[in-house]
C-alpha cells in the first residue's frame, strides 16, 4: 500500500519537532547539529528571532491578497533587490523551480518581441540542477531526472561543464541564452572555472545572447557576497533566486534588466501566491540582515576557519576524504566512498549533512553558525570518518 505522503524521497528515519540556530531536536530529546540548513534554506538558522518576529507581526496583519492589487511588502522587497543588484525589475515566485520556468519564458519572449523568434535555444551545462518541473529537468538534462517522463520541452543544448570551446561552438543564430549556476550545488559543489563567467559574459555581449545565472543555492550571502557572481566581477541579464531569500519561508524571485524583461508585459505571466505579503515581509527582513554592515565579512571569516579545519580532516582521513570544494559557507567534501555511507555515519554522530553528485558531501550550515558549533561539527565529522575506517572492507 502506498504511503499517504507520495514516496518521491528516500527519507532518513528522523523527524524533528523543534529547531534553534544550528540545532534540531527530535521528540525524544535527541539533539542534532545541522550542517544542511534545509539544503541552504535556513540561512539564519532555525527559528531565527528576527524572522520569527517579522512573520508574527505580518501574520497578524495580512497574509494574501492576490497580485490583482498592489502589495506594499512586495514593492519594498523588489526595491531593495533592485538597489543592491544589477536588476531593474523583479518577479516573485514561491520556489526556485518556478523561477526557472519564468526565466525560460522571459528569454524566449525577449527575442520574440525583438523580431527574432528563431532565438529559442538555451545553452546549459552537465551537472546542472534547475528544479523538478518539466522545463527545469529539460534544462538540466540529467538522465535520472528525465527518464520516463516522455517528451521534454525542446530547445536546450547541454554542454560539458566549464568547456569554453564547446560554448563558442554552440552559440548560433538560434541561441537565446546561456544558463549557468556560478557554483553547482546538486552537481557536487563545483564553482565555475576561473574566468569562465567573465568569458560567458563576453560571448553574450558579442552575440546579443542573454546570460542567466541560477543563484538559487549559491545566492543570498551563502558565499560571502550577496550573490556568488559578484566574485567574478560580472553581472547577468536574468537571475533566479530562492532558498535563502526566505530564510525558511517559501519564496523565490527572478531578477532582470529592463531590456531582458521587456517582453513580459501584463498577461504574460502570473502567480497566485508569488509575492504574497507574508513571504515578502520575511524576504525584506532577510535582505536587511544579510546586507547589514559586517554580515558578509563575518560569513567569509567563519568560512575561512571551517575550510581550514576541513582541510585538516582531509589530511587526517585520506581514505575517506579527497578534497574540499566550494566558497564561503557553500562547501563540499569530495569522498573516496559513496556519500550515503558518510551521511549515515554522520547520523550516528547526530550530525546532518547533504549528499550531492560527483561523490560529494555538502556542508551548507546556517550563515550565523558559531565557531563553537563549526568546531563541534568538524569533531563529529572526524568521528564519523574514524568509524568508517574501522569497518571491515
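Placement of Cβ uses the backbone N, Cα and C atoms for every residue, glycine included.
Note that the structure is a prediction, hence the values are computed from the model and not measured.
Sequence annotations record features per position, and here Swiss-Prot assigns pyridoxal 5'-phosphate binding site to 96, 97, 129, 214, 215, 216, 217, 272. The annotation N(2)-acetyl-L-ornithine binding site is assigned in Swiss-Prot to 132, 271 on the grounds of sequence analysis. Feature annotation from Swiss-Prot assigns N6-(pyridoxal phosphate)lysine to 243; the stated evidence is sequence analysis.
Shown here: features listed in Swiss-Prot, placed on the structure.
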residue	record	Cβ contacts under 8 Å, 6 or more apart
97	pyridoxal 5'-phosphate binding site	130, 131, 132, 133, 136
129	pyridoxal 5'-phosphate binding site	140, 142, 181, 184, 185, 186, 187
214	pyridoxal 5'-phosphate binding site	96, 100, 103, 128, 130, 179, 180, 181, 239, 240
215	pyridoxal 5'-phosphate binding site	181, 182, 227, 228, 229, 239, 240, 241
216	pyridoxal 5'-phosphate binding site	96, 99, 130, 131, 181, 185, 240, 241, 242, 243, 252
217	pyridoxal 5'-phosphate binding site	39, 40, 96, 181, 183, 185, 186, 243, 330, 364
271	N(2)-acetyl-L-ornithine binding site	67, 91, 92, 93, 94, 98
272	pyridoxal 5'-phosphate binding site	66, 67
Coarse DSSP state, helix versus strand versus coil, of residue 272 (pyridoxal 5'-phosphate binding site): coil
All-chain count of other Cβ atoms within 10 Å of residue 96 (pyridoxal 5'-phosphate binding site): 27
Where residue 214 (pyridoxal 5'-phosphate binding site) sits in the secondary structure, as DSSP reduces it to three classes: strand
Candidate with sparsest Cβ neighbourhood (10 Å radius) among 132, 243, the listed recorded positions: 132
